[in-house]
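Okay, so here's the structure we're looking at.
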Amino acid sequence: MRLKLILYFLILSCYLGIGSARAATLMHGVANTWNSFSDNVSQTWNDPQTFDLYVPAVTWHNRWTYDSDKIDKYNERPWGAGGGISHYDEKGNWNGIYLMAFKDSFNKWEPIGGYGWEKTWRPLADPDFHLGLGYTAGVTMRDNWNYIPIPVLLPLASIGYGSATFQMTYIPGTYNNGNVYFAWLRWQF
């Protein structure tokens, strides 16, 4: 009996030790990610390389996830405007801080502001052509949610030439809610 208790104690100690090492590794990874994120935001804010104009271009409600009577009522022309600042890091990746307002699906004003990051590729011999893939983290407010601030974390993709970039995201959702492709033009000055 005593031997079994000692074995259980040793096994539990080893298991907890491994768990502690995994937890420490996870916490280290989270801390590194947060430090990288906050450093990028700070550098973009303190050392912008360009000023940006944002012009919303298209909103598309995924036809496979909406009833046609809902789609017929929605606005898919999100006119509006916004501004921001951009910084390209030492790896050539885009970092941006932005604020934009546009007409949402219900034709009501929706502001959004935040930080965006994209890994940038220049796959052609022409260095002006670029592709990007990344994320945006920010806050938006909608009329149908009484303009309560809503945090957002969304994917970003882009294609551009020189100072003009067509940037886009997809807002996931459920049936008749979310599942919206949203795109805008971004000009850097």
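Each Cβ is built from the backbone N, Cα and C atoms, and glycine gets one as well.
What Swiss-Prot says about this protein:
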ACT_SITE  His61  active site
ACT_SITE  Asp104  active site
ACT_SITE  Ser105  active site
SIGNAL    1-23  signal peptide
SITE      Lys70  site 'Role in lipopolysaccharide recognition'
SITE      Tyr175  site 'Role in the phospholipid gating'
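Feature map: annotations from Swiss-Prot on the structure.
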residue: His61; record: active site; contacts (Cβ under 8 Å, 6+ apart): Lys70, Ile71, Tyr74, Glu76, Ser105, Asn179, Val180
residue: Asp104; record: active site; contacts (Cβ under 8 Å, 6+ apart): Thr59, Asn75, Pro78, Glu110, Arg142, Asp143
residue: Tyr175; record: site 'Role in the phospholipid gating'; contacts (Cβ under 8 Å, 6+ apart): Thr65, Tyr66
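In the three-state DSSP reading, His61 (active site) counts as strand. The recorded positions under consideration are Lys70, Ser105. Their Cβ neighbour counts within 10 Å are lowest for Lys70.
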